[in-house]
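*Asks:* The structure follows.
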Amino acid sequence: MDTVKLKIKHRPFCFSVKGHVKMLRLALTAASMTFFIIAQAPEPYIVITGFEVTVIFFFIILYILRLDRLMKWLFWPLLDIINSLVTTVFMLIVAVLALIPETTTLTVVGGVFALVAAVCCLADGALIYRKLLFNPSGPYQKKPVHEKKVL
């Protein structure tokens, strides 16, 4: 009898938890940018949120097309974690600056969306960090202590 080995298919990025969190980040940041544009908020708010939308979109396309598997010379999870942390800091600054002064309602709504996007950035960074710890790849692969070389 011939045995057939079934190849386990990789779960597409769009259907993973990491994919959902990234797309939620993109939607919240784009909504925040839209509210800032409509409210004619100060330009740094629009520029920072626009830049973050571009970077998040880049990472989503990178993971959907699985380009991270092709370009192994770059350690993508580390870049993604750094991006999540930097984005969290920038979005918190923008949110606080948008919420503190007495401004228009749309600027406040944009600030609230930026604050929620910052929380999503933290969640995204935590998910990537957890995956990196439990499923390391590359030269930094952890081995159990009880595995010893037998001569």
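Keep in mind that glycine also has a Cβ here, set from the backbone N, Cα and C atoms.
Nobody curates TrEMBL annotations by hand; they come from automatic prediction.
In case it helps, TrEMBL gives these features for our protein:
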- 13-133: domain 'MARVEL' (DOMAIN)
- 21-39: transmembrane segment (TRANSMEM)
- 45-65: transmembrane segment (TRANSMEM)
- 77-100: transmembrane segment (TRANSMEM)
- 106-129: transmembrane segment (TRANSMEM)
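Map the listed features onto the structure and describe their local environment.
*Replies:* In this model, the domain 'MARVEL' (13-133) carries an average pLDDT of 89.
If one looks beyond the transmembrane segment (21-39) by at least 6 residues along the same chain, the residues whose Cβ comes under 8 Å of a Cβ in the stretch are 14, 45-46, 49-50, 52-53, 56-57, 59-60, 63, 87, 91, 94, 98, 103-107, 109-111, 113-114, 116-117, 120-121, 123-124, 127.
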*Asks:* Six or more residues beyond either end and a Cβ under 8 Å away: which residues meet both conditions relative to the transmembrane segment (77-100)?
*Replies:* 25, 29, 32, 36, 41, 44-45, 48-49, 52, 55-56, 59, 107-108, 110-112, 114-115, 117-118, 121-122, 124-125, 128-129, 131-132, 137
*Asks:* Short question: which residues 6 or more past the ends of the transmembrane segment (106-129) have a Cβ under 8 Å from it?
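*Replies:* Distant Cβ neighbours of the transmembrane segment (106-129) are 17-18, 21-22, 24-25, 28-29, 31-36, 38-39, 41, 45, 49, 52, 77, 80-81, 84-85, 87-88, 91-92, 94-99.
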*Asks:* Which numbers of helix, strand and coil residues does DSSP report for the domain 'MARVEL' (13-133)?
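*Replies:* Tallied per class, the domain 'MARVEL' (13-133) gives 104 helix, 0 strand, 17 coil.
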